[in-house]
Each structure stands twice: as C-alpha cells, then as structure tokens.
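What follows is a set of notes on a single structure, which appears directly below.
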Amino acid sequence: MTMLSVLTQAHDRLTRFGFHLGGAALCGIVLSYWIEVVARYFFNAPTLWSTSVIAYCLCIAASLAMPELARRQGHIAITALQEQMSGACRRRYERVIALITGIICLVAAWMLVSETLRQFSSGTTTAMGLSIPKFWISAFIGYGFTGTALYFLRRCFWPDSVEWSHDSIEQEAD
C-alpha cells in the first residue's frame, strides 16, 4: 500500500466521520427547536440560547457536509458543455475544472484558517445570545473548505483516488 493510498483512505474516513458528525449537528438543531417550543408554549419561558445553538449547528452541519458532497460529486454542476464532449476530452475538461475549483477552495481555506487563527489570538467572541469564541465555528468552515479542496485536487491529479458517479458510465462508452 502506497503512502498516497494511505493518505487518501484517511481523508475519506475523516470525511465520512465529519459527515456523520454534521448529521448529529442537525439533530442538535431539531432538539434545540423542540426545547424552545416546549419552554415557550408550555412553560411561558422562552430560552435565550436556542437561536444561537441552532445557528451554530447549522454552520457546523453545512461545513462538515461539504467535503462529503465533493467526494460523492453531490455538488451542483452545470454540465451542458461536458455532456457534448467525447470521453477523453470530457475527462481532461473535468480535470481542469477540478483544478480550478480546488485552487479556489484552497484559497478560501487559507483565508478562513488565517482568520480563525486571528480570532483565536484576539479572543473574539460571537455576538449572539450564547456568546462563544468565534474560532470554534470558523474552524469548522476552514475544515470544510480544506477537505473540499483536497477532493477536487485529488480528482485533478489522482483521478483514480476518488470515484465519481459517472466514471463507470464513461468507461463503458469509450
């Protein structure tokens, strides 16, 4: 087993774990809504924290799901042009698009990680009802963009390390 395959398998496992953790964050949203409804309408005592928890969990869930969507090719794509291309031309085109997308996500990740480190060092907190250190949330966003960038770059440079849904269909057509 090569070092690259070990790293890609570790990346895939981390991504799946993050995706499931994102699902748990969605459960946190449901639970917070439920507690807010019960507290507000049955006890006439609305919570001060539920809106904040819901916002934080939504951000965390979306950020943790991003890399899995890139891994499964679950993101939105306009494919009218590439559907008209032959198999080999289409694969080259998709690798170029994956490179561009990977670079954009990598730049976003770099900006987010830099900002997260700044928030950590300055002690910046959120301005919501439940105030927490901002870097707690920003770190998840940075993770999401970093993991997503890695999948697009893998697709460009090591296309066999990540399988996308239409790969097998194209190979049969060639």
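From the backbone N, Cα and C atoms, a Cβ is placed for every residue, glycine too.
Mean per-residue pLDDT, taken over the domain 'Tripartite ATP-independent periplasmic transporters DctQ component' (30-155), amounts to 94. Positions annotated as domain 'Tripartite ATP-independent periplasmic transporters DctQ component' by TrEMBL: 30-155.
Taken from TrEMBL, the feature transmembrane segment covers 17-35 (among others). With a cut-off of 8 Å between Cβ atoms, the residues of this chain six or more beyond the transmembrane segment (17-35) that come close are 47, 50, 53-54, 57-58, 60-65, 67-68, 143, 147.
Marked as transmembrane segment by TrEMBL: 47-66 (among others). Outside the transmembrane segment (47-66) by six or more residues, the chain places 18-19, 21-23, 25-26, 28-29, 32-33, 35-36, 39-40, 126, 128-132, 136-137, 140-141, 143-145, 147-148 with a CB less than 8 A from a CB of the stretch.
Sequence annotations record features per position, and here TrEMBL assigns transmembrane segment to 96-113 (among others).
Only residues 6 or more beyond the boundaries of the transmembrane segment (133-153), in the same chain, are considered here, and those with a CB under 8 A from a CB of the stretch are 11, 14-15, 18, 56, 59-60, 62-67, 69-71, 98-99, 101-103, 105-106, 108-109, 112-113, 115-117, 119-120, 123-126, 162. Annotated transmembrane segment per TrEMBL: 133-153 (among others), in sequence order.
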Distant-in-sequence neighbours of the transmembrane segment (96-113), which means Cβ under 8 A and at least six residues beyond its ends: 138, 141-142, 145-146, 148-153, 155-157
Tally of DSSP helical, extended and coil residues in the domain 'Tripartite ATP-independent periplasmic transporters DctQ component' (30-155): 96 helix, 2 strand, 28 coil
